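Pulled from TrEMBL:
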- His7, His9, Glu99, Asp219: divalent metal cation 1 binding site (BINDING)
- His145, His169: divalent metal cation 2 binding site (BINDING)
Amino acid sequence: MKFTDSHCHLDDNCFSQQLPDLLSQCDLHNISRIIIPSISPDNFQKVLSLTKQHHQNPIDLYCTLGIHPWFIKHLSISDLEKLSLLIIQEKQHIVGIGEIGLDGATSKHAAQFGQTPEENFKQQQLFFDYQLNLAQRNAMPVIIHHRQSHHHIVPFLKHYQLAKSGIIHGFTGSYQQAKDYIDLGFKLGVGSSISFSRAKKTINTFKRLPIEYLVLETDAPSMPLSHEIESNSTKLYQNNSSKSPANSPLNIPVIFQLLVNITGVDPLVLANQLERNVDDIFLT
Ligand SMILES: [Zn+2]
């Protein structure tokens, strides 16, 4: 069995010291591929250089370039134009555009950075639209961040009908919301949310969906697993007697096991299908 972490912020400083060790541990636990989404112009070069350094060394790292809705407040159209150029220059080193998206909760707190909620959401939509357009022009898939925003995101995706579609990262929501995305060719990222017994709606959604539409992700170092579940990353870092990040790609097998329990599908069949789903989006 091989696994892919389809969404991990491996460029985060909390991983830098332990990176060689962490990647060897991933190799040992059959996590053979990690996709690193960028979040703002500040980390474009870092995710690119990580990806270039690690080609089957010891595992494969891939990256996507994009601007996350949380990090747009000091940016302007010229940053999007720079992104557009970088995507053309680095095309052979990136597998998609992301992470991009719309966040309804962030815009509610926009006053902190001197915007009204409406101004902020308008700017989010402009950045999202521009980057979906980039994906269309470059025939690339997208990685989409959502929070309180399914009803805003779906009309954009219907408008663009991206040939390569993409991933709805850290999906939480109802079966109908999931269906809206998969009808547009998207896959859904299954992450730590399923480790929380209170996430009944999302767990029921994954139970009902065909496994052809799912991919695994950790979103590490964010989105730690529920305390009810034992985390692999904590175990590793305890062994090394250094401070552990809240989440790491080593938790992929834990999330996988939870998904086996939810779907009732044979582990080998499920693992193979999840890998094929990643290939379908990023590597074909
Ligand atoms: Zn993320």
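If you go along the chain as it appears here, the first residue is 1 and each next one adds 1.
Note that Cβ sites are derived from N, Cα and C of the backbone, with glycine treated the same way.
Remember, TrEMBL labels are computer predictions, not curated facts.
This view paints the features noted in TrEMBL onto the structure.
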| residue | record | Cβ within 10 Å |
| --- | --- | --- |
| His7 | divalent metal cation 1 binding site | 28 |
| His9 | divalent metal cation 1 binding site | 21 |
| Glu99 | divalent metal cation 1 binding site | 27 |
| His145 | divalent metal cation 2 binding site | 25 |
| His169 | divalent metal cation 2 binding site | 24 |
| Asp219 | divalent metal cation 1 binding site | 23 |
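Between the CA atoms of Glu99 (divalent metal cation 1 binding site) and His169 (divalent metal cation 2 binding site) there is a gap of 9 Å. Reported as a whole number, the C-alpha separation between His9 (divalent metal cation 1 binding site) and His145 (divalent metal cation 2 binding site) equals 13 Å. When the Cα atoms are compared, His169 (divalent metal cation 2 binding site) and His7 (divalent metal cation 1 binding site) turn out to be 7 Å apart. Of the recorded residues, His145 (divalent metal cation 2 binding site) and His7 (divalent metal cation 1 binding site) place their C-alpha atoms 11 Å from one another. DSSP assigns Glu99 (divalent metal cation 1 binding site) to a strand. Neighbouring residues of the recorded divalent metal cation 1 site, listed in sequence order and excluding His7, His9, Glu99, Asp219, comprise Cys8, Ile36, Pro37, Ile143, His145, His169, Gly170, Glu217, Ala220, Ser222 (Cβ within 8 Å of the Cβ centroid).
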